[in-house]
There are 2 protein chains.
Amino acid sequence: MAVSDDHKLQEAIDTLRDSGVRITPQRHAVLEYLLNSMIHPTADDIYKALEGKFPNMSVATVYNNLRVLRQIGLVRELTYGDSSSRFDYKSSEHYHIICEECGKIVDFHYPTLDEVESLAEQVTGFDVSHHRMEIYGKCDECQQVETQKH
Amino acid sequence: MAVSDDHKLQEAIDTLRDSGVRITPQRHAVLEYLLNSMIHPTADDIYKALEGKFPNMSVATVYNNLRVLRQIGLVRELTYGDSSSRFDYKSSEHYHIICEECGKIVDFHYPTLDEVESLAEQVTGFDVSHHRMEIYGKCDECQQVETQKH
DNA sequence: CTCTTATATTATAATTCTTATAATTAAAGT
DNA sequence: ACTTTAATTATAAGAATTATAATATAAGAG
C-alpha cells in the first residue's frame with residue numbers, strides 16, 4: 001500500500017473514532033478494501049473479497065458497516081436500476097461515467113456544479129445538501145468490440 | 001383531463017402503435033396514469049391506483065408495461081438506494097430535486113448539461129448516450145416542520 | 001490488567017422489489 | 001369471424017437488503 005493511501009486510511013479511522021464508532025477488524029477491513037478499490041464494489045464484492053480473511057463474517061456485517069461509513073460521510077452509495085448498489089470511498093469530489101455495455105465505472109473529474117445547486121434553491125425553495133450526476137455511454141473497449149463484429 | 005394532456009396521450013399511443021406494441025386496456029391505463037401523475041409513482045403506486053379499475057391485474061403487468069414504455073422511450077426510470085424505482089413520463093427534458101426528509105420529487109428545469117457530456121467524451125473516450133443529475137435537499141414544508149420543533 | 005457495558009457481529013429469517021414461468025386471454029390484421 | 005402472436009394472469013422464484021436475537025468483543029473505567 002502506498003504511503004498516501006496509508007495516511008488516508010489513518011485519517012478515516014480517526015474520523016470513525018471521533019464519531020464514537022468502534023474500530024472492529026471487520027469494519028477496518030471493509031474501509032481498507034474500499035480505499036484501495038478502484039472498482040466501486042457492491043456489498044457482495046466486498047463480502048467475497050474479505051471472506052478469506054474473515055470466514056465467519058456475515059453479509060449483514062458488510063451492509064451494517066457500509067451504512068455506518070455512509071452516515072459518517074466517508075462513503076458514497078451509488079444506485080442503479082437493475083442490480084445492487086455500489087460503494088465509493090469519498091476521497092475527492094468527482095463524477096462517474098458508466099459503460100452501459102459492460103458496467104465499468106470510470107471517475108470523471110469536473111468542477112462541482114455549484115451553480116445548478118444554487119439556482120435550484122432559488123427556484124424550488126429547497127435547502128439543497130448535494131447532488132449526483134452520472135454520465136452514461138459506451139466505453140472504448142466496448143466500442144471496439146462493436147466495430148470488430150461488423 | 002386538459003386538452004393538451006389528451007393530445008399527449010394520443011401522441012404516446014401513436015408512438016406505441018408505430019412500434020408494433022398492442023394497446024391493451026391495462027397498458028393504456030398505466031400510460032394515462034403516468035401522464036397525469038405528478039408524483040413520479042412507483043410500480044406499486046400504479047398497481048394500487050389501478051386496482052379499482054382492474055381488480056384482476058397482476059403486478060407483473062405493471063412491471064411489464066413499464067419496461068415496454070421505457071424501451072420505447074416514453075418513460076424514464078429513476079432509481080434510488082433504499083426503496084423501489086420511480087417512473088416518470090418523458091414529457092420534456094428536466095432534472096429532479098428530491099427531498100431527503102419526505103421523498104418528494106419536484107421537477108427542476110435547467111438547460112441540459114451538454115458541455116459536461118462532450119468533455120466527458122474527450123477525456124474518457126466513451127461514446128456518451130445520456131446523463132442523469134439529481135439534486136438533494138430539504139423541501140420547504142419539511143424545513144418549516146423543522147423550525148416549528150424548536 | 002481486569003471488569004463492565006454498550007456496541008458489533010453472527011446466523012438466520014423475514015421483507016421487499018422485481019422477474020420468470022406456464023396457462024389463459026385477447027388485440028389486431030386478414 | 002378467424003388466426004396468430006403478444007399480453008395478461010396467477011404464482012413462484014430470485015436477488016438484494018434489513019430485522020432479530022443470541023453471542024462476542026472494543027474500549028473506557030477502575
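In case you wondered, yes, glycine gets a Cβ from its N, Cα and C as well.
So that you can see what the record holds, here are the features copied from TrEMBL:
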- A:Cys99, A:Cys102, A:Cys139, A:Cys142: Zn(2+) binding site (BINDING)
- A:His131: Fe cation binding site (BINDING)
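Location within the structure of each feature annotated in TrEMBL.
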| residue | record | Cβ within 10 Å |
| --- | --- | --- |
| A:Cys99 | Zn(2+) binding site | 20 |
| A:Cys102 | Zn(2+) binding site | 11 |
| A:His131 | Fe cation binding site | 20 |
| A:Cys139 | Zn(2+) binding site | 22 |
| A:Cys142 | Zn(2+) binding site | 17 |
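Reported as a whole number, the C-alpha separation between A:Cys139 (Zn(2+) binding site) and A:His131 (Fe cation binding site) equals 24 Å. Contact annotation for chain B: of the listed binding-site residues (A:Cys99, A:Cys102, A:Cys139), A:Cys99, A:Cys139 place their CB atoms under 8 A from a CB atom of that chain. With respect to their backbone Cα atoms, A:His131 (Fe cation binding site) and A:Cys99 (Zn(2+) binding site) stand 21 Å from each other.
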